Amino acid sequence: MNIKQKIDNLRQEIDNWNYRYYVIYQPIVSDFEFDKKLKELEKLEAQYPEYYDYYSPTQRIGNDINNNFAQINHIYPMLSLSNTYSWEGINDFYNRIKKILNENFVIACELKYDGVSISLIYESGLLLRAVTRGDGTTGDDVTTNIRTVKSIPLKLYGNNYPRFFEIRGEIVFPWAAFNKINKERIENSEPPFANPRNAAAGTLKTLNPQVVSQRNLDAYLYQLLGDNLSSDSHYENLQLAQGWGFKVSNIIKCCKTIDEIENFINYWGKWKKSLPFAVDGVVLKVDSIRQQSLLGRIAKSPRWAIAYKFQSETVKTTLHSVDFQVGRTGIITPIANLEPVLLSGTIVKRASLHNEDIINALDLHIGDQCYVEKGGEIIPKITGINKEARLTFGNKAVNFPKNCPACNTPLIRFQNETAYYCPNYTQCKPQIKGMITHFASRKAMNINVGEETIETFYRAGLVRDIADLYEIKIDDILQLKRWAEKSAINFVESVQQSKQVPYERVLYGLGIHFVGEVVAKRLAKAFPTIEQLSIANNEQLTTIDGIGNQIAQSVIQYFSNENNLQLIRRLKLYGLQLFTIQKIFIDNKLAGKTFIISGIFRKYSRDKYKELIENNGGKNVSSLSAKTDFILSGVNMGPVKLIKAQRFGIKIISEDEFLKMIE
């Protein structure tokens, strides 16, 4: 046997041991024997570097530090699931599927893992890329870190897998590994992780793959995607994937009746704590991929799936105090400080009280015994008070402040709103810092600056509003403690680069109340310059799709303030994009043609297809009518659109047909 054959055999043997140990829990060698073989392989690879293989089991533990994570567009959007906490919600889902399909169907019931979603791309049996969910359209490339997760195969077994496919799953932090690392962190005087989900998410974003490899993350795969899948059954495809080396849970049941579904949910609701990982519900999926395609999707969720969330656990603890926090828009949020208590695997110290109405309804007093639960919210909430345990004297009632806790300005409350606001946004420190943080965020100006740095700049008097960022010089920063010249240069360059950010993102970054990313895009399209937007009236604004009186009044109020107008004049002076750059058509092959885009695409994203349509003289529309010329259809086109297209005689074209049109 030559050296190359010996190395190949060792790799194959260790891959097989890894699979048996981490995926199917059937180890066939001792840890000592495994480590011995791995060291032998490492030694041979070091002696014969010409036989290096990126997919060797020795390459699971990374040695390099990543400086950042690249942004990757998903081939298929990673949609979030609609969820329900009630049997009524399950029945509504089941009956809706029954009505739309009007044929027999099967529901696959699976556990809902409480971890981090991941998308894995394989080509020719090799792991090509691993991407986080991100915003559903774009995620972080965490391939280097995912390669250290031993239950994820770098090379697949067999040869009956598609040449190119995507498989999705959940990265979980098993309870044993989670408890072990928290014990170590406490012994090292480090703060423990709050829960396995947060720990898994933080670990995936760790810049050192060696740290990731030491934390023993696990992965369960739950959905196969691609053009050439072997079966129409979601369940059968997962069983095939298990044979290729993927870890697929055996806790899946194909149900034909609502009773079978409820039995599955009830069983695992009772026994969920016996599992080696955290779960927070059950996912129901229509098993047939053909039927999934017929059912399609709504805006952010597939119609063919729903998550049933287990009822939240409730605990009793003591209220010590209430903090009133000031957000970037001036909203005052009350937060309860509690006696630490264990709730659903998490140490809870704080709970949201939301607003004054809830405080009054609870009749809250300092020292009260509170009932706290953690449902679908990240921050737990107080749901009740044990008034019988309240002392007859000495308990101070919790009263909502009349003045801002940060700047002492009298608070205001708008009609039909539950929140109180501090109107002093030009001088209230938390609002100023929050506005600058929002303006600099990735989705807005993408300036390389964090909250701690903004705090440092604020204390030094370098910033009091968003425009001040463009006045900070390298010498100003070098006067501050712990700032090196390279860091100062990087910050200033990042600020200069932000001047190329398009108008709609600048508009979003201004932080106008109720103006999120989508609304900002619509405003920028309707009013191509900031000057036009600043003089728009209520009638002009409310004619825009998706903009009602509340948003319109907020925009008008923003531009009626002289401080804001002065701020915009400064931003314009510094060279920010406060106008829409008119697109120049590359071609006019689609001139006069209107398109609707529907479904999920493989070659390009929906946004890219919209751009191609406009660049070739076509027009994108959002609603289907007899005037629509084409529907550019991907996978999972909605059934309603299909029916309307047939009624209006609209031509439905595929990706390939569209691309031929613009060749």
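Here the Cβ of each residue, glycine as well, is placed from N, Cα and C on the backbone.
As given in Swiss-Prot:
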type	residues	note
ACT_SITE	LYS112	active site, N6-AMP-lysine intermediate
BINDING	ASP31, PHE32, GLU33, PHE34, ASP35, SER80, LEU81, GLU110, ARG133, GLU170, LYS285, LYS309	NAD(+) binding site
BINDING	CYS404, CYS407, CYS422, CYS428	Zn(2+) binding site
DOMAIN	585-663	domain 'BRCT'
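Features recorded in Swiss-Prot, as mapped to the structure shown.
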{"residue": "GLU33", "record": "NAD(+) binding site", "DSSP class": "helix"}
{"residue": "LEU81", "record": "NAD(+) binding site", "DSSP class": "coil"}
{"residue": "LYS112", "record": "active site, N6-AMP-lysine intermediate", "DSSP class": "strand"}
{"residue": "ARG133", "record": "NAD(+) binding site", "DSSP class": "coil"}
{"residue": "LYS285", "record": "NAD(+) binding site", "DSSP class": "strand"}
{"residue": "CYS404", "record": "Zn(2+) binding site", "DSSP class": "coil"}
{"residue": "CYS422", "record": "Zn(2+) binding site", "DSSP class": "coil"}
{"residue": "CYS428", "record": "Zn(2+) binding site", "DSSP class": "coil"}
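Counting other CB atoms no more than 10 Å from each candidate's CB, the binding-site residues GLU33, ARG133, CYS422, CYS428 peak at CYS422.
Closest to LYS285 (NAD(+) binding site) by Cα-Cα distance, out of the recorded positions LYS112, CYS404, CYS407, CYS422, CYS428, is LYS112.
Helix, strand and coil counts under DSSP for the domain 'BRCT' (585-663) come to 27 helix, 16 strand, 36 coil. Rounded to the nearest whole angstrom, the C-alpha distance between CYS407 (Zn(2+) binding site) and LEU81 (NAD(+) binding site) is 41. Mean pLDDT for the domain 'BRCT' (585-663) in this predicted model: 80. Note on proximity: among GLU33, LEU81, ARG133, CYS404, CYS428, the binding-site residues of the record, the Cα nearest the residue listed as 'active site, N6-AMP-lysine intermediate' is that of LEU81. Taking the mean position of the Cβ atoms of CYS404, CYS407, CYS422, CYS428 as the Zn(2+) site, the remaining same-chain residues with a Cβ inside 8 Å of that point are VAL326, GLY330, ASN403, PRO405, ALA406, ASN408, THR409, PRO423, ASN424, TYR425, GLN427, LYS429, PRO430, GLN431.
CYS428 (Zn(2+) binding site) sits 35 Å from ARG133 (NAD(+) binding site), taking the Cα positions as reference. Residues near CYS404 (Zn(2+) binding site) in space but far in sequence (CB under 8 A, at least 6 apart, same chain), listed by position: VAL326, ILE332, PRO410, LEU411, CYS422, ASN424, CYS428.
The Cβ of LEU81 (NAD(+) binding site) lies under 8 Å from the Cβ of VAL283, SER301, PRO302, ALA305, ILE306, ALA307, each of which sits 6+ residues away along the same chain. Least crowded of the recorded positions (LYS112, LYS285, CYS407), judged by neighbouring Cβ atoms within 10 Å of its own Cβ: CYS407.
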